[in-house]
Amino acid sequence: MSRFNPLKADAAWQKVWEENRTFAARDDSPKPKSFVLEMFPYPSGRIHMGHVRNYTMGDVLARFRRMQGMEVLHPMGWDAFGMPAENAAMEKKVHPGNWTRANIATMKAQLKRLGFALDWTRELATCEPDYYGHEQAIFLDFFENGLVYRKESAVNWDPVDMTVLANEQVIDGRGWRSGALVERRKLSQWFFRITQFAEDLLEGVQALEHWPDKVKLMQENWIGKSEGLQFDWTLSDGEILPVYTTRPDTIFGASFIAVAADHPIARKLAASDDNVRAFVELCKQGGTTAAELETQEKLGFDTGLTATHPFDSAWQVPVYIANFVLMDYGTGAVFGVPAHDQRDFEFATKYQLPVRRVVSEGDKTEPEFRDAEAYTGPGTLVNSHFLDGMDVADAKRTVIRRAEEGGWGKGQTVWRLRDWGVSRQRYWGTPIPIIHCERCGVVPAPRESLPIALPEDVSFDIPGNPLDRHPTWKHVDCPKCGAPARRETDTLDTFVDSSWYFIRFASQPADRPFDKAVAEQWLPVGQYIGGVEHAILHLLYARFFTRALRHIGKLDVTEPFAGLFTQGMVTHASYYQMEEHDGLERKAYFEPSQISRRGDGTAFLTETGEDVIVGRIEKMSKSKKNTVDPTEIVDQYGADATRWFMLSDSPPERDLEWSESGIEGAWRFVNRLWRLFENLSEAEAGTGRDVDLDKRLHRTIAGVAEDVESLAFNKSVAKLYELVGAIEKAQPSASRTDAIRTLARIVAPMVPHIAEEAWAAMGNPGLIADAEWPAVDPALLVDDEVTIAVQVNGKLRDTLLMPKGAAKDVVEAAALASDKIVRSLEGKQPRKVIVVPDRLVNIVA
RNA sequence: GCGGGUGUGGCGGAAUGGUAGACGCAGCGGACUCAAAAUCCGCCGUUGGCAACAACAUGUCGGUUCGAGUCCGACCACCCGUACCA
C-alpha cells in the first residue's frame, strides 16, 4: 500500500483541469447560474494564509454548486493599483507596474498550486488599460449624468512628500512617512454623488437577508440618517443663524448656542477680535485620535452675542464658539439643552449656564435640574408652555409644524454620509479622464481617446505626483477649442476599481465596460466572501456603483451582492524580545520557524536557546513576523491537506489559529481517505447490505450539503470524520463499497485532488469535478428505532431503545418499569409524567 | 461613551428548550516493531468510589419552565467597530 503522493496528484489534476478549461463559466449555458466570488487580492507579493482560507471557502462552495448542476462563475483578479507599489518604487527603484505584475505572476502560481476551481479566462488586473480604460468610460458616464462633481475640499497635505495623506496616514499630526507636520489644505477635488442614493442605500441594506446583521448595522450607522428640525435664530447683531437639532421638543430647555470654530460667524468675529482668533486657533490644535478626543476638554468662548428664542422674543440665549461642534455636520451650529444632552450638560456645568428640565423623568417635573447626568430618556414635556403634557414624539411634530407655519424652520433629514472624494494625487491609479482648458473650463476627455494610459517613463526620486511633473503627459489640446490645455493629473481612489470589478467578471467585451444583458445573467453575486474590514467602505461603494449604473440605464441591478459572508482571520502567536532602541523599549519579533516551545508553554530561539516572550495570538502580519507561508505548507503536505485544515475546527466567521499539529491532523485524514480508496480498487467488493452504514452515508450526504450551503464547513468536516470512522470499522459489504465510492464525491469539493485520483482509480469516466452530487434516499434518513432519555425531576437516569413513533403510554410504561428509574424514585409516587415522542420522558416526583 | 459580538474540558469547538462536551488537537495506556516512524485498539470535564454509581459542571447572580449552554433580567470579562453627529 502506498501513501498518497500529493505533489504528483496535485500537479497532474491541476493540469487536467486547466487543459479541459473545466472551470471556465459559459455565458450561454442552459443551467441555472451561480456567481461565487471572493474579494480579489491586492498583489502585495505573496499570498498569505488569510487568502488561502478565504479562497478555500469560496472554492468549496463553487465546486459544490457545480456538482449540484449549476453553471458557476468563480473568477479571480487583482486589485492592482495602490500605494504599496509606489512605496516599492521609491524604496527599491522598481517601476510600480513591474513590481505589481511580478507579484501577480508569483501569487497566481501560488493560487494555482492550491487547485482552486477558478475561471482564469476572465482574470483581470485593475492596473491594466483594458480594465481602467473602461473605468474611465464609466467616470464619463457619471460625469455626463451629474453623478460626478468638483469642489474645494480640505485635505491632509504632507509638505515634505508633497502629497495628500489619508486620515490613517496622519499620526500625531505628522505624515507617517516624512514625519513632517501635516497641513490642512484646500484642493479642488472630484466627488461621486453617493449622498444622492443615501435613502436607497439605507433601505436596500435593511432588505439584504443573506448579509450578517453586524455588517448591515455598520452600514446603517455609516449612512447615519437622522430626522430633525433646521430653524433660524436671530442674533443680536441682526444676523440669522440656522441651527439643526434632532430634539426640537426640548426647545424650551435651550440654554446656549454653540457654533463651530470654523463657522462663518466665528471667522467673522476672529477677523476683528484677537481673543476670538486666539480661541479659534486653540480649537484647531490637538489631535483627532480617538483617545485625544475622549479626554479633550469641552471648551467654549462667549462671543457676547445673544440669540432670540423663536417662541419668546424676550428670551435671549448666549452664543458661544465651541471646540466640540463640527462644521461639516448639520449647520455647524447647535443649541444646547443641558438637562437632556450629556455633552451640553458638561458644557453648561463648566460655564455655569442654566440647566432647565423640560422632559419629565418619572415623577420629577420641576424645572430645577439637580441630577449629575443629563436625562435622555422618554417622558412627558414639562415647563414648555404649549408643549406641556405631550410625549416627546408629539412635541417634536408640533414644534416642526409651528416652525414651518411660522416660516422660520423646516423638518429636515440629515445624513452622516458624505459624498465620496475620489481624487488622489498619486501615480499608480486610474487617470481621471478630464482636461482642463483655460477657456472652456473642465472638459471631459473624448471617448475615442480612452484608455488614457499612464506614462511608463516616470521617476519617484523626488516627492510629489510623478504625473504632474511628467514633461509631456499632461499637455494636451482642448477637445473643444483646440487650445493648449492640461490633463487632470489626479488619479482615482482604488476603491473605485473594486466597485465594479464583479461586473467586469460577469461580462468583458473589448469595446465597453460590460454587456448589460450578459452581466445581468450572472448578477447579483450569489455569495460574496471576504474580510470584515471591508464591511463599510468597499461594500458601500460597490452598492453605490450598481445604483448609479442603474440610474443612468446601464445595468438593471440594484444590490451587487445578494449573499455576504465575512470570514475570520488566520492567527498565530507572536514571539519577541524587548530591546532598547534610541532609549526606547520596543519589541523585536521572531518568526515561528525560529522558535521552539517547551512543555510549560514558554519559548526559546531554537538556534541559541535564548528565551523569547510568547505574545498574543493575533492576526498574521509581516510586522509581527507571525506569518506562515502557505506555499511551504502546500509543498510539504499538499493542497488537499492545507485546504482541509483551513476548513476544520474553527467556525469560518471566527478566527482560525494556525497550528502545526492541526495541519498534521489534516494530513492524517487525507491518508485515511487514501487507504479507503486504494484498498477498494485492490480488494474485491463486498456483498450484502449494511443498513446502519447506508443510513449513516445518506445522513452525511444530506448533512454535508446543508453545512456547505450555510458555509458551516467545520460541521461538515466533523460529519465526514464520523463517516470515515464508521466505514473503516464496517465489515466488507456492498454498502461499504458503495459508501467508499460515494465518499469520493462528498469530499470532492474540499479535497479535490485526492477525489479525482480516487474517481479515476475507481474506473469512472470523466472528472469528479463534473460529477453530480450524490442523491439522498429520504427513506434512509429516518430511523425505526430511537433512544429515549428518561429523566427523574429533569435529571437523566436511564435511556430506553424504543421503536420510532411508539405510543406515549407505551413509552411511559416502559420508563416506569425501568430498574434504574424505580431505584431513583425511591418509592415516591410520580406526580406528573411528561412524554416527548421519540425523545424523552421526564418523571416529576 | 455608544453600537455589535463572544464566553462550554488542557486547546479548537458540537449541541431545532429535551441524554452537555459530537468531531478534531494535545495527553495517557496498550498492540505491532530489534527500535523508531506510520498504523491500529483503549482511556481522557472535576470530585468521591474497587465498582455500580453519585455529586458538581457551559463567565457571575437571579428568573421563566416538568426540563435552560439555549429564553428573559441584571452584572463581569474579553474582542471588533465607531468617535464629540447636535
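Using the three backbone atoms N, Cα and C, a Cβ is placed for every residue, glycine included.
Model confidence over the domain 'Methionyl/Leucyl tRNA synthetase' (A:39-170) is summarised by a mean pLDDT of 92. As annotated by TrEMBL, domain 'Methionyl/Leucyl tRNA synthetase' applies to A:39-170.
For A:41-51, the entry in TrEMBL reads motif ''HIGH' region'. With a cut-off of 8 Å between Cβ atoms, the residues of this chain six or more beyond the motif ''HIGH' region' (A:41-51) that come close are 78-80, 82, 84, 100, 103-104, 106-107, 110-111, 125, 531, 569-570, 619-620, 627-631, 646, 658.
Taken from TrEMBL, the feature domain 'Leucyl-tRNA synthetase editing' applies to A:220-403.
Under the heading domain 'Aminoacyl-tRNA synthetase class Ia', TrEMBL lists A:417-573 (among others).
Here TrEMBL flags A:618-659 (among others) as domain 'Aminoacyl-tRNA synthetase class Ia'. Long-range neighbours of the domain 'Aminoacyl-tRNA synthetase class Ia' (A:618-659) within the same chain, counting only residues 6 or more positions beyond its ends whose Cβ lies under 8 Å from a Cβ of the stretch, are 4, 6-7, 9-10, 46-53, 56-57, 59-60, 110, 113-115, 212, 565-575, 589-592, 665-667, 669-670, 711-714, 716-717, 750-754.
The motif ''KMSKS' region' annotation in TrEMBL covers A:619-623.
Reduced to three states, the DSSP call for A:K622 (ATP binding site) is helix. A 10 Å cutoff on Cβ-Cβ distances gives A:K622 (ATP binding site) a total of 11 other Cβ atoms nearby, all chains included. The ATP binding site annotation in TrEMBL covers A:K622.
Annotation source TrEMBL lists domain 'Methionyl/Valyl/Leucyl/Isoleucyl-tRNA synthetase anticodon-binding' at A:694-811.
Secondary structure of the motif ''HIGH' region' (A:41-51) per DSSP, as helix, strand and coil residue counts: 3 helix, 0 strand, 8 coil.
With helix defined as DSSP H, G or I and strand as E or B, the domain 'Methionyl/Leucyl tRNA synthetase' (A:39-170) counts 66 helix, 29 strand, 37 coil.
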